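> Sharing the features that TrEMBL gives for it:
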type	residues	note
TRANSMEM	64-84	transmembrane segment
TRANSMEM	96-121	transmembrane segment
TRANSMEM	160-184	transmembrane segment
TRANSMEM	215-239	transmembrane segment
TRANSMEM	245-265	transmembrane segment
TRANSMEM	277-297	transmembrane segment
TRANSMEM	303-326	transmembrane segment
Amino acid sequence: MFELDTLSTLVAATLVLLLGRKLVQSVSLLKKYTIPEPVAGGLLVAVALLVLKKSVGWEVNFDMTLRDPLMLAFFATIGLNANLASLRKGGRVVGVFLVVVVGLLLMQNAIGIGMASLLGLDPLMGLIAGSITLSGGHGTGAAWSKLFVERYGFASATEVAMACATFGLVLGGLIGGPVARYLVKHSTTPDGMPDDQAVPTAFEKPDVGRMITSLVLIETIALIAICLTVGKIVAQLLAGTVLELPVFVCVLFVGVILSNGLALVGFYRVFERAVSVLGNVSLSLFLAMALMSLKLWELASLALPMLAILVVQTIFMALYAIFVTWRMM
């Protein structure tokens with residue numbers, strides 16, 4: 001068995017990211033389905049470690065000291081970039097979209113739990129193969145799976161979450177084209193007006209310039225650190241109550257309150273681009289660590305039941321897009 005310390009694990013994670021970048025650039029299939037670089041590199045390393053364990057009995061253990069802070073930093077950046085004023089400007093459309101999304105999340109969880117119970121599996125498996133990964137992706141899947149491992153003893157939760165999230169990425173790409181072709185063939189746009197008659201709106205303000213400097217990065221890191229510190233305190237205060245929430249959810253909400261509160265009083269305006277850069281770095285390193293440390297040999301017994309759940313979820317999502325999302329939006 002090989003043991004890697006904190007710094008060696010960080011080096012390995014950065015190498016995994018570089019490997020993933022090279023893979024995505026070189027393999028057209030990965031680029032076609034927009035497989036993230038940490039996922040491509042991390043899964044390749046995980047498969048290589050699986051081969052090593054099965055062939056010569058070697059196993060590599062990584063020091064994951066940095067993984068949780070990186071995960072929390074990512075969720076802090078999501079909160080800091082949440083602009084409530086922009087949501088209010090969206091008006092009715094945002095409200096309708098929220099209803100559509102909540103309906104999808106509830107149905108994904110209901111199908112996941114129902115299928116898991118039907119197959120004699122832990123209902124937590126159904127949640128992981130539901131909205132947690134299929135809507136939340138790798139980052140949310142890794143965050144919730146950590147909670148399932150620590151609190152509910154679901155040992156292979158991380159492996160299942162990463163597999164489901166990757167499946168969701170690929171299947172999203174596969175069904176997106178056929179669903180779009182069906183809608184184009186059988187429908188006009190929901191309001192009856194062709195898309196090309198819609199008036200385009202600008203996404204960014206080109207006249208607003210702000211550079212990412214060392215001072216901006218220090219300010220942004222300070223905001224992220226405040227979110228992590230206060231979020232952990234809030235999670236501890238809520239522990240054991242009916243309002244108990246995972247730490248990463250508390251961190252996210254603290255970020256939302258901090259960002260919008262500072263903007264409301266005019267004290268400080270969060271630099272969204274700097275927050276996004278640090279968020280991307282945190283997420284990339286976190287995912288690289290989570291994926292390269294997967295114990296894929298623990299996934300073998302769950303492969304077929306998991307695939308059955310995901311096939312049903314895929315069919316449902318295609319139907320939901322056609323008969324609910326398209327008509328309501």
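For all residues, glycine too, the Cβ spot is worked out from N, Cα and C.
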> With Cβ-Cβ distances below 8 Å as the criterion, list the same-chain residues six or more beyond the ends of the transmembrane segment (64-84) that contact it, or say none.
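Answer is 6, 9-10, 139, 142-143, 146, 220, 223-224, 227-228, 231, 247-249, 251-260, 263, 270, 272, 275-276, 278-279, 282-283, 285-286, 289-290, 293.
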> With a Cβ cut-off under 8 Å, give me the same-chain residues at least six positions beyond the ends of the transmembrane segment (96-121) that come close to it.
90, 127-131, 134-135, 302, 305, 308-309, 312-313, 316-317, 320, 324-325, 328-329
> Do any residues, 6 or more residues outside the transmembrane segment (160-184), come within under 8 Å Cβ-to-Cβ of it, and if so which ones?
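Non-local partners: 32-36, 39, 43, 125, 128-129, 132-134, 136-138, 141-142, 144-145, 290-291, 294, 299, 302, 306, 310, 314, 317-318, 321-322, 326.
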> Other than its close neighbours in sequence, what residues sit by the transmembrane segment (277-297), given a CB gap under 8 Å and a spacing of at least six beyond its ends?
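Answer is 9-10, 12-14, 16-17, 20, 36-39, 41-43, 45-47, 49-50, 53-54, 62, 64, 66-67, 70-71, 73-74, 77-78, 81, 138-139, 142, 156, 158-159, 162, 212, 217, 220-221, 224.
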